[in-house]
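According to Swiss-Prot, the feature ATP 1 binding site maps to Gly48, Thr49, Gly50, Lys51, Thr52, Leu53, Lys223, Leu224, Arg225, Thr227, His229, Thr239, an assignment based on sequence analysis. Per Swiss-Prot, Mg(2+) 1 binding site is recorded for Thr52. The ATP 2 binding site annotation in Swiss-Prot covers 289-295, Trp330, Arg450, 456-458, Ser460, His462, Lys464 and is backed by sequence analysis. Feature annotation from Swiss-Prot assigns Mg(2+) 2 binding site to Thr294, Glu317; the stated evidence is sequence analysis. Here Swiss-Prot flags 1-246 as domain 'KaiC 1'. Annotation source Swiss-Prot lists domain 'KaiC 2' at 260-519, citing sequence analysis. Taken from Swiss-Prot, the feature phosphoserine covers Ser430. The phosphothreonine annotation in Swiss-Prot covers Thr431.
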Amino acid sequence: MSEKEQQEQQNTSGNGVEKIRTMIEGFDDISHGGLPVGRTTLVSGTSGTGKTLLSLQFLFNGISFFDEPGVFVTFEESPSDIIKNAHIFGWNLQRLINEGKLFILDASPDPEGQDIVGNFDLSALIERLQYAIRKYKAKRVSIDSITAVFQQYEAVGVVRREIFRLVARLKQLNVTTIITTERSEEYGPVASFGVEEFVSDNVVIARNVLEGERRRRTIEILKLRGTTHMKGEYPFTITNDGVNIFPLGAMRLTQRSSNVRVSSGVKTLDGMCGGGFFKDSIILATGATGTGKTLLVSKFLQNGCVNNERAILFAYEESRAQLSRNAYSWGIDFEELESQGLLKIICTYPESTGLEDHLQIIKSEIAYFKPARIAIDSLSALARGVSNNAFRQFVIGVTGYAKQEEITGFFTNTTDQFMGSHSITDSHISTITDTILMLQYVEIRGEMSRAINVFKMRGSWHDKGIREYNITADGPEIQDSFRNYERIVSGSPTRVSIDEKAELSRIVRRFEDKQGSDS
């Protein structure tokens with residue numbers, strides 16, 4: 001074990017409770033350093049929540065990162081099935097068994113059935129487990145699942161007593177243990193058969209809740225006795241590497257802020273934003289369908305690639321062929337940029353997987369491709385069929401990771417209203433973004449026009465005017481403000497007479513404001 005790993009492993013909280021790192025992505029963040037050493041943690045959840053995987057990954061990571069042998073006790077699956085299933089995650093358990101680093105104690109029921117004679121007793125199992133722990137010098141133990149024991153035997157009180165003996169012996173042996181158990185409801189009693197009464201040092205609850213039309217996995221640390229942890233539920237997903245928790249509450253606003261500007265790809269828009277977007281900012285273009293949001297995204301990505309910056313487009317509404325065709329009509333060759341290795345386009349249906357999986361895909365692609373710019377078209381597509389809280393957590397996860405990696409992000413959001421004012425706060429994303437571009441349709445003199453406005457821009461002067469916005473063969477063309485109209489945002493533009501003296505004063509004030517922000 002390296003010196004760094006030893007320091008990580010011997011993580012002790014301020015009140016003296018030593019913790020053992022699980023190295024499960026995100027878990028050590030929400031548990032403030034891992035699980036208390038020498039204690040038993042109950043992991044409770046309904047079927048399909050990932051309890052077995054979590055307990056097995058705890059052992060595998062202990063061996064892989066800290067060279068700590070482990071013992072896995074199975075009351076349900078056979079050892080051969082466990083070894084086979086682990087191959088999905090690239091874990092060669094058989095090799096670890098052959099090397100004497102892992103021992104699987106088979107306590108699964110006999111498929112031929114068995115007759116119970118006399119009182120139920122776990123003495124033989126406890127002795128076998130103690131022998132294995134001492135023989136392999138195990139530091140970690142996982143038991144999956146004690147619910148199976150209760151289901152096999154009717155004497156619930158006797159089984160509780162025997163499980164209590166098992167837990168007490170594990171504590172004497174000073175091994176850190178995870179015990180899994182079933183629960184009947186996602187938001188009901190902690191566990192079936194009152195298990196939490198005798199395994200009460202630490203309790204973790206895994207859930208797999210149906211929200212709308214999609215299932216969403218979350219994990220909650222109910223308690224870690226004698227030490228601190230983060231409160232509440234945190235989303236997680238199961239990837240090719242195992243359990244991956246998104247500790248959104250552990251994110252800190254410590255990222256650096258850049259004063260460097262990057263171009264939007266539209267010269268007039270850069271001027272409206274005081275010289276362009278800030279390098280590590282998050283931009284949101286919101287408006288009805290057809291207002292030109294994807295066009296702005298395309299120009300933004302093209303500009304990055306022209307400056308030899310890598311960029312990724314995550315598209316959830318249009319196919320690759322459709323995006324390339326539309327971009328080509330504006331003079332942007334996506335296929336050529338992809339062939340140069342500067343652009344990557346990832347298209348998928350929002351409903352193809354859960355938000356947590358989409359977030360994991362985005363993070364993985366960013367880590368692999370290392371772009372300077374990313375775009376998501378559109379966030380509103382991902383919001384379909386999910387709760388507001390789940391969607392907000394997703395947006396926080398994406399924006400937080402982008403800022404951490406100092407990436408400029410450009411997101412689009414499609415509003416429900418075709419014309420008139422619309423709320424950009426209902427989607428819970430307006431406060432998270434740094435710059436908001438509001439696009440909308442305006443009816444003037446019996447003709448339909450488009451309007452664009454820099455609604456918000458943190459830390460910078462920006463044009464407050466509402467400008468006419470056309471889409472031409474060369475891309476977006478932003479013209480002058482609607483000077484002689486008011487109530488454009490409300491969808492009921494009214495022509496007003498111009499006071500030339502007042503207009504001149506307004507122009508002077510605008511010039512002075514801009515000069516002040518540039519100095």
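Every residue gets a Cβ built from N, Cα and C, even glycine.
Quantities reported herein were computed from a predicted structural model and do not represent experimental measurements.
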Taking the Cα atoms as reference points, how far is Leu295 (ATP 2 binding site) from the residue listed as 'phosphoserine' in Å?
21
Thr291 (ATP 2 binding site) as reference: those recorded positions from Gly48, Thr52, Lys223, Arg225, Glu317, Thr431 with C-alpha within 10 Å of it
none
Among the ATP 1-binding set Gly48, Thr49, Gly50, Lys51, Thr52, Leu53, Lys223, Leu224, Arg225, Thr227, His229, Thr239, as the record gives it, the longest Cα-Cα distance in Å:
30
If you count the C-beta atoms lying within 10 Å of each candidate's C-beta, which of the binding-site residues Thr289, Thr294, Ser460 ends up with the smallest number?
Thr289
Per DSSP, Lys293 (ATP 2 binding site) is which: helix, strand or coil?
helix
I'd like to confirm something. Which of the recorded positions, Lys293, Ser430, Ser460, has a Cα closest to the Cα of His229 (ATP 1 binding site)?
Ser430
Arg450 (ATP 2 binding site) versus Thr294 (Mg(2+) 2 binding site) - Cα distance in angstrom
14
If you draw a 10 Å sphere around the Cβ of Gly50 (ATP 1 binding site), how many other Cβ atoms fall inside it, taking every protein chain shown into account?
20
Name the residue among the binding-site residues Lys223, Lys293 whose Cβ has the smallest number of other Cβ atoms within 10 Å.
Lys223
Here the recorded positions are Thr431, Arg450, Met457, Ser460, Lys464, and the Cα closest to that of Arg225 (ATP 1 binding site) is found at Thr431
Between Thr52, Thr291, Ser430, Thr431, which of the recorded positions has the fewest other CB atoms within 10 angstroms in the structure shown?
Thr431
Pop the Cα-Cα gap between Gly48 (ATP 1 binding site) and Lys464 (ATP 2 binding site) into the table, whole Å please.
52
Just give me the nearest neighbour of Met457 (ATP 2 binding site) among the recorded positions Gly48, Thr52, Glu317, Thr431, Cα to Cα.
Thr431
Can you tell which of the recorded positions Gly50, Thr52, Ser430 lies nearest to Ser460 (ATP 2 binding site) in space, using Cα positions?
Ser430
Determine, using Cα-Cα distances only, which of these recorded positions is closest to Lys293 (ATP 2 binding site): Gly48, Gly50, Thr52, Ser430, Thr431.
Ser430
Listed binding-site residues (Arg225, His229, Arg450, Lys464), ranked by Cβ neighbours within 10 Å, top entry
Arg450
